[in-house]
Amino acid sequence: MFRPLRENGPALLVPAAWTVAAAAVLGVVSTHALFVAHLVMSALLVGFVAASWRDMAAGVLRTWKLVILAGTPVTLAGVAGFLALGRSLGVPPDALLALSLYGWALLPAAGFVSTRNRVETGAWIYDVGAVCCVTGAVGVALAPGATWTAVALGVVGAGQTAGILDATFRY
């Protein structure tokens, strides 16, 4: 039962995560909803990598295990950033939230570059994914307002979704 979820779940969760992030920027969903999403994603990341540890021991899957391992504390930085919004942690939340956002925008770019060098078919999809990650991250940094930030997040999400969909359906 859990194997199909592990194999197909990321293809749903990746676009969902970026959609929620963009919706939060636009005020469509609350900051609290984004905080809850970070909590859920933290639990799912840990559960996914623990359940898939042996399956992700070599090759492309090992690359993505390393991305998830690096991304878990990045996600937890986002959780801490949301908790710090009320100044209850005594740390500025912006740095923690930026670490979470830019971390998850850029970590998969490294995974895409590694993946494209290991696959025989569809390497261009991973090139596009990496370019979208970097372009979207730069777009977020330079965006003059919420609408353009959401567009830039959409670019990141589109690139990452293309990569995970290719991996899910092709492999």
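Note: Cβ is positioned from N, Cα and C throughout, glycine not excepted.
Listed in TrEMBL:
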- 12-29: transmembrane segment (TRANSMEM)
- 35-54: transmembrane segment (TRANSMEM)
- 66-89: transmembrane segment (TRANSMEM)
- 95-112: transmembrane segment (TRANSMEM)
- 124-142: transmembrane segment (TRANSMEM)
- 148-169: transmembrane segment (TRANSMEM)
Discussion item. Would you say the transmembrane segment (66-89) and the transmembrane segment (148-169) are touching, if the rule is that at least three C-beta pairs must lie under 8 angstroms and be 6 or more residues apart?
Written reply: no
Counting only residues at least 6 beyond its ends, the same-chain positions whose CB falls under 8 A of a CB in the transmembrane segment (95-112) are 17, 21, 38, 63-64, 66-67, 70-71, 74-75, 77-78, 80-82, 84, 126-127, 129-130, 133-134, 136-137, 140-141, 156, 159-160, 163
Sequence-distant residues near the transmembrane segment (12-29) by C-beta distance (under 8 Å, 6 or more away from its ends) are 37, 41, 44, 101, 104, 146-147, 149-150, 153-154, 156-157, 160-161, 164
